[in-house]
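Copied over from TrEMBL, here are the features:
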DNA_BIND  36-55  DNA-binding region
COMPBIAS  1-13  compositional bias 'Basic and acidic residues'
DOMAIN    13-73  domain 'HTH tetR-type'
REGION    1-20  region 'Disordered'
Amino acid sequence: MTSTVDGRRERGDRTRRHAARTAARLATVQGLDSITLGALAEATGASKSGLLTVFGNREEILVAAVAEARTLYVEHVIAPAWTEPSGTPRLRALLDHWVGYLRDEVFPGGCFVATTSAEFGHREGRVADAVRELKREWIGVLERELSVAGVPDPAEAAFRIDAYLVAANTRRELFGDDAALDTGRRLALAVLPPVLSPVVPPVVPAGVAEAGEAPAEP
């Protein structure tokens, strides 16, 4: 009996994950709030009743889609950059991986964060709250790393970086201008302070007892 229950739970978890990921991908093409049970059932091969059994209602599907999009964003953009030192090196890596995440078409309609942020402006409810939290989390990552990098106003710098990336995403999706990603990255990089080279202590000449003392006569 236990194995039967566990098997059903495992199948339910797989269905949930697949449906949430499919919904997140569809959201970048047709809008998150435009996703219907029928469209999701067709895209996943599941039945409407099966989806409702797993999620309960349509709102839960959309909230799960945002959570799955966050998982993918962390996997493709955030986590790979965490191998770099905090501050400017990590920020550069974040920008590189963000461009890669779009070029790899993790989502077919561009950046999920940018797309849903525009869609859910002025809206209320659990789905809108989840979208806002995802955007806040991304901005927070930028601000913390900019603070470590020594930027005087991390909030303003994060605003500028985010604006360049959103504009790059828009131009690429609207006009098919892939070079816009490189432009956005270049402009965002210009916001960052340079990586300071480590200070190498001077080599003290042989025979000099203290710093500042002239070398002894041979």
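Glycine residues also receive a Cβ, built from the backbone N, Cα and C atoms like all the rest.
TrEMBL does not curate its annotations; it predicts them automatically.
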### Beyond the flanks of the DNA-binding region (36-55) by at least 6 residues, Cβ under 8 Å
12, 15-16, 18-19, 22-23, 26, 30, 61, 64
### Message
Looking only at the DNA-binding region (36-55), what is the model's average confidence as pLDDT?
### Response
94
